[in-house]
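Copied over from TrEMBL:
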- HIS81: active site, proton acceptor (ACT_SITE)
- ASP82, VAL85, GLY87, ASP89, SER91, GLU103: Ca(2+) 1 binding site (BINDING)
- HIS210: heme b binding site (BINDING)
- THR211, ASP256, THR259, ASP264: Ca(2+) 2 binding site (BINDING)
- CYS50-CYS131: disulfide bond (DISULFID)
- CYS83-CYS88: disulfide bond (DISULFID)
- CYS137-CYS332: disulfide bond (DISULFID)
- CYS217-CYS244: disulfide bond (DISULFID)
- 40-336: domain 'Plant heme peroxidase family profile' (DOMAIN)
- 1-33: signal peptide (SIGNAL)
- ARG77: site 'Transition state stabilizer' (SITE)
Amino acid sequence: MASSSISSSFKLLFVSSLLFFFQYFIVSSKGQGLPPIVKGLSWTFFDSSCPKLQSIVRKRLEKVFKDDIGQAAGLLRLHFHDCFVQGCDGSVMLDGSAGGPSEKTAIPNKTLRKESFKIIEDLRERVHKECGRIVSCSDIAALAARDAVVLTGGPNYVVPLGRRDGLDFATETATIDNLVAPTANTTTLLTRLATKGFDATDVVALSGAHTIGISHCGSFTERLYPNQDSTMDQTFANNLKRSCPKADSNNTVNMDVRTPNIFDNKYYVDLLNSQGLFTSDQDLYTDQRTRGIVTSFGTDQKVFFDKFVIAMIKMGQLNVSTGGQGEIRAKCSVRNKNKLLVDVVEGLEKTLAAAF
């Protein structure tokens, strides 16, 4: 009898603990102001159908980054460039066709790392081998971007899943129009990103992705030649001139002068010290509308991490295709070959049904 009573008490305690945990998790999520999930996505989308999905991606990237930590920034940038153009649909991974050149060949995407595309394709092969063709390239890219952040020291966060891959790539004009150039000022950043639902805090937080990675000289030498940008620290400028002796130099430099391979808040410390690399970086501190946000992120890493997570979850849901939209590509760089045939057959069936 006593044993039964103890067992019942233990079960009650266990259940109560679980309830407390879930209540705490829900309250904490609301307290952080996490953005709502768009229809068709879910935090638990593959929990039953592909339970090893996230561990497959994480374990593989651990090995990739151990061999070359620079690939983390490449994967994070790939996700950004995919989402901002026509939504997180994997269209940036598509090769060109007779219909036109791909997004890859557009000027803003020419410096995307070729290895990033190979890594995503490798992950797709591993995931599809384990679970079948049920996970999209766009979902894999979103997970890879998250793990790029986590495995370089940044915040861990949940990624809503269920994206479908897009059927077409954007035009070069659309790609250029939707990716803000490094020469842009804060007004351009705020205006352009506001159309996608981002406020000033989101914009400054997303810019913090520049805390890892490298840049080609051509993205910032207009700040050095012919006249040096007055907002640039002199020692910093001198070091850049040594790496980029001419305006058209093809060398690369670290985007974060302090901790280039660690995802932290040192990017904002750079800005506080007039050591931001791009105009679009340093102007965030120069402009009074965003100066206070930069300062808060530079002095409190947790504040930056919390806001970065919110902004990334929002960005990862831009114009996503879900449900019966799009497709799950069998190869990330190519639209499924049978999709066009299916569309034609379905079209004929509808025509015949209407006729009879």
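Placed from the backbone N, Cα and C atoms, the Cβ positions cover glycine too.
Any TrEMBL annotation is an automated prediction that lacks curation.
Each of the recorded positions VAL85, CYS217, CYS244 was assessed for Cβ neighbours inside 10 Å, and the highest tally belongs to VAL85.
Model confidence over the domain 'Plant heme peroxidase family profile' (40-336) is summarised by a mean pLDDT of 97. Note on proximity: of the recorded positions CYS50, HIS81, HIS210, CYS217, the one nearest SER91 (Ca(2+) 1 binding site) is HIS81, by Cα distance. A distance of 14 Å separates the Cα atom of CYS50 (disulfide bond) from that of CYS137 (disulfide bond).
Cα of GLU103 (Ca(2+) 1 binding site) to Cα of CYS131 (disulfide bond): a distance of 29 Å. Among the listed binding-site residues, namely SER91, THR211, THR259, the Cβ with the most fellow Cβ atoms inside 10 Å is that of THR211.
Fewest other C-beta atoms within 10 Å: among the disulfide-bonded residues CYS131, CYS137, that description fits CYS131.
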